[in-house]
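Here's what TrEMBL has on this protein:
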- 584-594: compositional bias 'Pro residues' (COMPBIAS)
- 72-121: domain 'FHA' (DOMAIN)
- 563-636: region 'Disordered' (REGION)
- 20-40: transmembrane segment (TRANSMEM)
- 169-187: transmembrane segment (TRANSMEM)
- 224-241: transmembrane segment (TRANSMEM)
- 247-267: transmembrane segment (TRANSMEM)
- 279-295: transmembrane segment (TRANSMEM)
- 307-331: transmembrane segment (TRANSMEM)
- 343-375: transmembrane segment (TRANSMEM)
- 381-399: transmembrane segment (TRANSMEM)
- 430-449: transmembrane segment (TRANSMEM)
- 469-486: transmembrane segment (TRANSMEM)
- 498-520: transmembrane segment (TRANSMEM)
- 532-554: transmembrane segment (TRANSMEM)
Amino acid sequence: MELLKQLITRILGSGLLSTALVLVRAVTVLMVLYVIWRCYTSFKKGQRRKDPVVMLEDAATGAHFPVLYWENSIGRSRSCDIQIPDNSVSRDHAVLMRREEGWFVCDTGSHAGTRVRNKQITEPTLVQIGDKIRMGSTTLTLRNASDVPQKKRSMFTGFSKEAASPFKLMLVVTLIQMSLTLQLMIGTGEFRLYPAAPFVILFTASWVLYFFSRRILKRVSFEIETVGLLLSSIGILLLSGEGLDTVKMQIAAFGIGIVLFCFLVWFMSDLERVMKLRLYIAIGAILLFVANLVLGKDVNGSRNWIFIGPFSFQPSEFIKIAFVFVGASTLDHLQTKKNITEFIVFAAICLAFLFLMRDFGTALIFFACFLIIAFMRSGSFRTIFLILAAACFGVFLILQFKPYVAQRFSGWMHVWEHTQDSLGYQQVRTMTYIASGGLFGLGLGNGILKYVAAGDSDLVFGMLCEEQGLLMGMAVLFALVLFILYARSDVTRSRSTFYAIAACAVSGMLLFQAALNVFGPTDVLPLTGVTLPFISAGGSSMISVWGLLAFLKASDERTYAARRAGRHPKGEADEDTISFTPPRYSPNDPPTPRPRVNTRAENTDPRSRGTYRVHISEENLSPGQPRTRRKDGDRR
């Protein structure tokens with residue numbers, strides 16, 4: 001043992017070690033970039049083809065309208081998924097939607113009303129294959145997508161040859177964890193054994209989640225979890241350089257966050273359950289705000305913390321999850337003004353509480369999320385401009401009546417004139433230590449910024465760049481940017497507008513929060529004191545980001561595929577196999593309409609239940625088939 005210690009000491013004292021560690025950090029950055037990019041490309045390779053699930057037949061003309069999505073708007077407007085050329089039909093007349101029990105029709109306040117099986121409906125009504133749906137003077141019959149059975153084929157073909165294996169990506173994540181742990185153990189000039197503890201916990205939690213998702217739940221995809229585990233590992237091991245006492249709570253929050261992630265993914269599997277409980281979620285969020293005002297204590301000028309014995313938590317972090325739940329909506333609820341009004345009122349209440357708590361950074365994040373949801377629900381730039389104008393006027397009034405707010409940001413763009421006072425001390429140190437870290441950093445545990453107030457939370461991007469280099473900092477931001485691309489691609493195939501809106505809201509919220517954390521300490525934006533998702537110290541933040549990650553996971557079309565296998569409405573094919581013959585289309589027919597996130601402007605690609613392999617022969621084409629319209633009215 002004594003000889004081993006002498007050998008380690010001699011190696012640590014040699015000049016070759018520092019060179020080797022720089023090489024290790026460079027390779028670690030390359031592995032991080034590889035995992036992030038391959039997770040995104042693997043997701044793209046797992047996309048499925050777009051084919052009708054069922055058809056609607058016009059009884060009078062014999063025209064067939066393909067139903068491509070799990071929530072379809074029906075009406076006279078061009079913006080509808082299924083456009084009915086009938087003046088007696090309202091512009092937004094009804095919604096045809098798929099749920100666990102089957103297909104439902106819901107009237108959305110039309111003038112003529114909607115009848116199913118010759119009965120006027122006032123609530124979502126189950127329709128079977130062959131049932132007649134009357135809207136105005138038009139009668140539509142729900143039909144199977146095929147009338148001539150073909151050989152059953154697998155609906156999901158799995159990952160393409162170009163897609164990366166989730167198992168291999170997890171092995172690379174483990175190598176990254178080992179690399180960071182090695183830096184902690186020998187990178188400070190002395191051998192330290194304690195970094196092995198967080199490594200063992202991260203390793204165990206990562207692989208338990210992997211086998212639970214892939215082997216027990218039989219889920220095809222694991223990209224979202226892989227990126228979350230990667231970023232969490234970087235953050236926890238970065239904080240481990242300060243000692244085990246600092247990182248204990250972060251590790252516990254990491255475990256709680258994973259449990260919350262799994263629970264929310266299960267919870268969102270049933271949209272009816274979600275829509276029924278949204279009101280209670282909103283009430284709970286408001287009560288949590290009230291508790292924060294009554295029981296909270298001022299920390300750095302903001303009353304955003306509640307202390308219970310030795311523990312503390314930040315309620316606004318958990319309310320972010322509730323905010324997305326209340327803001328997202330299914331298509332049938334989306335077309336009612338009452339639902340939109342409720343969300344606007346809820347958002348106003350949240351922003352008012354944050355103002356009273358003087359938590360302006362979190363208020364900006366909530367407002368950015370509100371803008372995204374408002375646009376997704378309305379599709380109107382005019383609405384967004386009006387909201388921004390009202391917000392600017394509100395900020396002007398606040399600055400007039402609360403001048404101390406402006407004083408908090410008076411050092412912005414002038415921090416080098418305030419190097420020794422509170423207006424610029426943190427920003428100047430952050431930029432200095434980022435520069436000292438260079439491209440590959442000084443090594444975990446060797447930084448100085450961690451000794452500055454909030455160095456491991458509000459200024460953590462500077463700490464990351466100082467110890468792991470600017471390239472690692474850019475890689476982490478690259479992962480957060482890809483959440484936007486992931487959501488944009490994912491939203492095009494979501495089962496419901498609820499998932500589509502939630503995915504875009506969450507990805508936008510995470511990216512905007514990261515921008516505030518990065519640009520605040522570097523004096524591009526005012527310093528607002530928000531955390532960097534997955535990286536900053538803070539148990540509430542870690543739990544919250546894993547909860548938000550569940551929305552992205554739920555929006556992935558493959559997440560619930562295994563659970564729904566074999567559970568399908570009467571007249572539809574099974575999840576795993578399907579007999580399908582394409583409907584007869586005219587060569588002059590336009591392309592099928594692009595799917596929609598909302599009822600006005602936003603379009604997305606369709607979501608199907610799997611990959612259909614279809615061969616259309618010349619004899620199946622008929623010139624008398626119906627025309628469907630794109631939203632913009634173009635024809636093929």
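Just so you know, the numbers here start at 1 and follow the chain as drawn.
Using N, Cα and C of the backbone, Cβ positions are placed for all residues, glycine too.
The average pLDDT computed over the domain 'FHA' (72-121) stands at 89.
If you count C-beta pairs under 8 angstroms between the transmembrane segment (224-241) and each of 20-40, 169-187, 247-267, 279-295, 430-449, the highest count goes to 169-187.
Below 8 angstroms of C-beta separation, residues 8, 11-12, 17, 21, 24-25, 27-28, 31-32, 34-35, 38-39, 42, 193, 195-196, 198-199, 202-203, 206-207, 210, 222, 226, 229-230, 233-234, 237-238, 240-241, 443-446 of the same chain, each at least six residues beyond the ends of the transmembrane segment (169-187), sit close to that stretch.
Across the domain 'FHA' (72-121), DSSP classifies residues as 0 helix, 23 strand, 27 coil. Listed as Cβ neighbours of the transmembrane segment (469-486) (distance under 8 Å, sequence separation of 6 or more from its ends, same chain) are residues 25-26, 28-29, 32-33, 36-37, 39-40, 43, 223-224, 227, 230-231, 234, 434, 437-441, 461, 506-508, 510-511, 514, 518, 532-535, 552.
Within the same chain, residues 224-225, 228, 231-232, 234-235, 238-239, 246, 249-250, 252-254, 256-258, 260-261, 263-265, 268-269, 313-314, 317-318, 320-321, 324, 328, 456-458, 460-461, 464, 476, 480, 483, 486-487, 490, 499, 502-503, 505-507, 509-510, 513-514, 517-518, 560 sit at least 6 positions outside the transmembrane segment (532-554) and bring their C-beta atoms closer than 8 Å to a C-beta of that stretch. Most Cβ pairs under 8 Å with the transmembrane segment (307-331) belong to 279-295, among the candidate stretches 20-40, 247-267, 279-295, 498-520.
Sequence-distant contacts of the transmembrane segment (381-399) (same chain, at least 6 residues past either end, Cβ-Cβ under 8 Å): 355, 367, 370-371, 374-375, 405-406.
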